[in-house]
There are 4 protein chains.
Amino acid sequence: MAGSILGTIFTITTWGESHGKAIGVVVDGCPAGLTLAPSDIQPFLNRRKPGTSKYTTPRKEGDEVEILSGTFAGVTTGTPISMVVYNTDERSHDYGKIKDTYRPGHADYTYQEKYGIRDYRGGGRSSGRETIGRVAAGAIAWKLLNEFGITPLTYATSIGPIRISSERFDEAEINNNPLFMPDAKAAEEARAYLDECLAHSDSAGGVIECVVSGLPVGLGQPVFGKLDSELAKAVMSIGSVKGVEFGAGFQAASLNGHENNDPFTKTGKATNHAGGILGGISDGDSLVLRAAIKPTPSIAMPQKTVTLGGEETSITIQGRHDPVIVPRAVVVVEAMVGLTLIDALLMNCSSKLENLKKIYDCEE
Amino acid sequence: MAGSILGTIFTITTWGESHGKAIGVVVDGCPAGLTLAPSDIQPFLNRRKPGTSKYTTPRKEGDEVEILSGTFAGVTTGTPISMVVYNTDERSHDYGKIKDTYRPGHADYTYQEKYGIRDYRGGGRSSGRETIGRVAAGAIAWKLLNEFGITPLTYATSIGPIRISSERFDEAEINNNPLFMPDAKAAEEARAYLDECLAHSDSAGGVIECVVSGLPVGLGQPVFGKLDSELAKAVMSIGSVKGVEFGAGFQAASLNGHENNDPFTKTGKATNHAGGILGGISDGDSLVLRAAIKPTPSIAMPQKTVTLGGEETSITIQGRHDPVIVPRAVVVVEAMVGLTLIDALLMNCSSKLENLKKIYDCEE
Amino acid sequence: MAGSILGTIFTITTWGESHGKAIGVVVDGCPAGLTLAPSDIQPFLNRRKPGTSKYTTPRKEGDEVEILSGTFAGVTTGTPISMVVYNTDERSHDYGKIKDTYRPGHADYTYQEKYGIRDYRGGGRSSGRETIGRVAAGAIAWKLLNEFGITPLTYATSIGPIRISSERFDEAEINNNPLFMPDAKAAEEARAYLDECLAHSDSAGGVIECVVSGLPVGLGQPVFGKLDSELAKAVMSIGSVKGVEFGAGFQAASLNGHENNDPFTKTGKATNHAGGILGGISDGDSLVLRAAIKPTPSIAMPQKTVTLGGEETSITIQGRHDPVIVPRAVVVVEAMVGLTLIDALLMNCSSKLENLKKIYDCEE
Amino acid sequence: MAGSILGTIFTITTWGESHGKAIGVVVDGCPAGLTLAPSDIQPFLNRRKPGTSKYTTPRKEGDEVEILSGTFAGVTTGTPISMVVYNTDERSHDYGKIKDTYRPGHADYTYQEKYGIRDYRGGGRSSGRETIGRVAAGAIAWKLLNEFGITPLTYATSIGPIRISSERFDEAEINNNPLFMPDAKAAEEARAYLDECLAHSDSAGGVIECVVSGLPVGLGQPVFGKLDSELAKAVMSIGSVKGVEFGAGFQAASLNGHENNDPFTKTGKATNHAGGILGGISDGDSLVLRAAIKPTPSIAMPQKTVTLGGEETSITIQGRHDPVIVPRAVVVVEAMVGLTLIDALLMNCSSKLENLKKIYDCEE
């Protein structure tokens, strides 16, 4: 399938470049009967909007979403939902310099080689702005998932070398700091660390964790459509993600079997090293996923690189950039998880004949 | 798409259960004109065959592959290649006990809940034997990739707490030890560690690394079909994988931008924290992927669990099991990487008009 | 998607060549909980088996199906169902002559050009034997559809110039004659016509009609996955089909709106020119589909053609061939209709939120 | 795959309702390097625009297309091309009456039942306006196909009972009459016939033929992705199409083998009953496809029907409607053929190893 389409039943097709006219998404396969308005979408977009703190790019974008199709009288009709956000503060003159020089850590070189042409303005399609479509679609996914009592909690567990402490974990703290860390002390330290990065024209990475509660048992289609398999694909498709893990994750590799196995009890699993997935199928426990985010590649210090012609040179990235991608990526990870879960939930309807008979009223 | 199908152009459909009659795969979309014989497939299957050391299950299986279609006079014809391996040493009586009790760390519970029925013999479809089809197909993928000068190197970087040392890294050592570690000393320590695990009826996990050389620039279809996105999906679909990372991976999250960015030089990137992928597209450098493998869930010590009826009980897994999955999973990871790469290579033919004109001879 | 895979949720992957070792299919996505045995499949295969009358090739094939996976204790488990039929009477020496000469009306030339190689024995993959996998899978599709009260009736409405009369239409007659015509008199005439064709070493075509009763309203996914759209694809993929139509079909093109429109009444539509589909969605009325089957291209009279080298020559097809494909294609059309319907029925589960809540018990 | 997505490599996702804000399409998978401007798209849209003669609805729509993404400096970049046409003359008050009553021959009933809700304004998603997205995307498909010397000719062969004569066939005439008939006399008769229909508040159907020249041998992916199979799906997905046939089509069913087979000669096939496709693969000859279009279901005479509540009633469709759909559907058929061909052309790149080596320069 072409690269900008994701999903099987609940699908999204995203489009748009950083400095083009607009960014958008078409959601096809959304069940009919869901009340839906721009006010359901906007809060998700606002969580990734630039300019909300000094740790995000000062580019000013309203990022206001418009729904162009797929609803009638405020309710989804089962037809494709087209959503668009117009770009208003492109300022493409800021980016003129990168026309002829490849930025380290960016996709300039690979796009140029793959396609023979690239929209160099702001990274074009490889810009973080591409995620607007994902987030808008993710808002619909989560609205649907909420109908089944499924809810997410997403936050940063580390920024650079600063990690949250499990003892201090405080859900209420997440929206209290611009870094979305569930630990006030860690957030404070992380801010200090980022200030230092900014002072050195440098950037930082971090880790995002998404925990989903309320999942029914059964989501995931073995063997290649396993829930973790699809989630890994979806989350790894976010620009700066370099690793994805579930439950104990990479830690599990150094545990023994008796430590890592989660005993079953009458009330569920006693532990959750599995991260809520067994054999690629949700087990009714909380889904636990973590994504490693690399440091922002755009830094305002000189870096060695080459020109399109292959000459060695140096580049200093000017313009407006996030010193750390993590805070704005939190809602993107959440969106990708939601999109994957709703598709898995829809696919799972066909797992057993018994389900189908409920829908087609065969008992009667 | 249904769960046992993977890929878009070069696709595989796997089938079969641990204790069914056979295990197999259909490869559809393999280009015509590749010489192919069972002798191209068998060496890959032999690398995952049980019974080769005391660190793998003593189940005796010849695992001999038969090609039933898709070749003519020893050459692929572009039609589906069906391959089958018959099960010969099922001994299903060994597994009677797990009929009514869920094994911790296994998929018994989730399959039962999702489908309302499960083949409990040897884990049925969730058994590691399912990977035979993947490995057979992966052998074809790699034969094709070799035609383009693309080659893999796959090995264990850790077993339990034992890690290889980068100073002692020795490619030649990989096939010298039953754990496929590129470091003789680490392999020795890992064997001692596994002997200890066996003595305690326990098991271990580990990390597998796959490095691919010779990749052209351009593989990967942004934004959801990014090369790392598809690789993550493919590798995460292997039963025991709990995490996947590329290049610096989770490590990148604590680096600064100036450390993590790879400077471009006339002869390629100066470093490879990116793991050979920029913006989801191969950058011509080596692909570096790591997968975290959990410890074998089947252990011969008593574990708390519940019955199908929900009663709490204890289970001690008898039968023949690998104390560590890593050595046999090495070739499975390699297979999944190969399958993903060949599909990406085929998809990339359509990236630019210039490519198409070469095929359809439009210049003339 | 690769060419030998069909469907989205209920998928089939067929494989095999006319004179290869075997022919088979993998059904992936079949819901769990359906009782299934080879005895459910075999009657469908027997309907397309050669050698049952003088109007079908005398090639002797038992065409006995074996189920290799996907069931446990006689019930589907939700995992892929692999089915195989071994070729027993290949006699490939019969076909040596066609190695270097293209048969008119066959796919020899196009396969050779597309793939650069072809299995010329009996047409290889383009042989009618390829449909064995479709029919085996179609049997499962119909077993499922029967659970919802959906049943097919498929028959020939014409052989060459001989057409059935609607006044004489007699369902009971269909299985009384080797041509599966629901009109004894037409069948008699058609047999006489075919005897004449045989006497002249010639062949005939015909039209097959499939009527499906018991369909619920709602199957079909506008706009490209419309029910008629998917059915047309599935039926047109049968080797000899040159046209597909629904309800009034091509006839509708010359009717007026007031004639062609079907008035709605309290008890359904007053007429059924629509053929059971409105806007690409099943309307609860009978589905009516017709397929035009071309005359068998293999005829034992001399025909002008060229060699692989491009030299003009003449060919007289020897070997065992059906003078008319229609009778054996009846069950193939029925199979393709069934496969399309079950996939549409599964897709339709996600059409509205209300359906999903029934499955996930959200009301409670 | 969700219903509003078509294609595998060159894909389109259409969206929008008749009386919504806009209609649009996202083309994903278009190769980079094609010069593309709105002026390439607009002529196709103008061919389906309403209000061009008394035989099309007087609804006034500029139908001006805007390209929102996917091009840079007037050239495609390989990223998704989003195109939008805003609705300007909705006049939804015209349609109030159909809110509670099902129109015969329309999709009102099936949408209502499938989704539990429908946008009744102008037919919502089931309106012919939905085809705007298809036609815009089809324009790109044809621009690409032209690069390979592939060109279409599409016209009406019949309107109601009036058929063109093959002796009078005149390509130059097609754009000389508002019915796009390649026969001036037939066009004249058809206009008289339509005037009569209009006088009786009735409507007419017809047949559209599309002939494609310049196709290379090899397009089509046996067995389910055959070229005729995919074309049938694409064309049957157009709202009013009730039948599709290739070459001799339904006529072939009454021919003998020796009549229907096309002899091969040094310079190609001597005849073209096959319609340019053998074994589901293009044979280098002209592609010949015909589609049967039903009469416009909206007629201004009273028709029997039922209300949403199931009460029998009568309806007379007011508003602006085409007395015959054929003229405006000509370009829609052409668009669907183009979209299918370009996807098949891209898929065919992977048919043989030899093709791939050309792209990846392996000879050197």
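Just so you know, the numbers here start at 1 and follow the chain as drawn.
For all residues, glycine too, the Cβ spot is worked out from N, Cα and C.
For B:Arg48, B:Lys54, the entry in TrEMBL reads NADP(+) binding site. Mapped onto three states, the DSSP output places B:Lys54 (NADP(+) binding site) in coil. Counted within 10 Å of its Cβ, the other Cβ atoms near B:Lys54 (NADP(+) binding site) come to 12, all protein chains included.
When secondary structure is read from DSSP and collapsed to three states, B:Ser298 (FMN binding site) falls in the coil class. Marked as FMN binding site by TrEMBL: B:Arg125, B:Ser126, B:Ser127, B:Gly279, B:Lys294, B:Pro295, B:Thr296, B:Pro297, B:Ser298, B:Arg320.
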Check your understanding: Quick one: of B:Arg125, B:Ser127, B:Thr296, which binding-site residues have a CB closer than 8 A to some CB in chain C?
Key -> B:Arg125
Review point. If you measure Cβ to Cβ, which of the binding-site residues B:Lys54, B:Ser127, B:Lys294 are under 8 Å from chain A?
Key: B:Lys294
Check your understanding: Whole-number Å distance between the CA of B:Lys294 (FMN binding site) and the CA of B:Lys54 (NADP(+) binding site)?
Key -> 19
**Study point:** Which of B:Arg48, B:Arg125, B:Lys294, all binding-site residues, has a Cβ with the fewest other Cβ atoms inside 10 Å
**Key:** B:Arg48
Check your understanding: For B:Ser127 (FMN binding site), which DSSP three-state class applies?
Key -> coil
Exercise for review: Looking only at C-alpha atoms, tell me how far B:Ser127 (FMN binding site) is from B:Arg48 (NADP(+) binding site), rounded to the nearest Å.
Suggested key: 13
**Study point:** B:Ser127 (FMN binding site) CB neighbourhood, other CB atoms within 10 A
**Key:** 22
Check your understanding: By a simple count, how many Cβ atoms lie within 10 Å of the Cβ of B:Ser298 (FMN binding site), its own Cβ left out?
Key -> 24
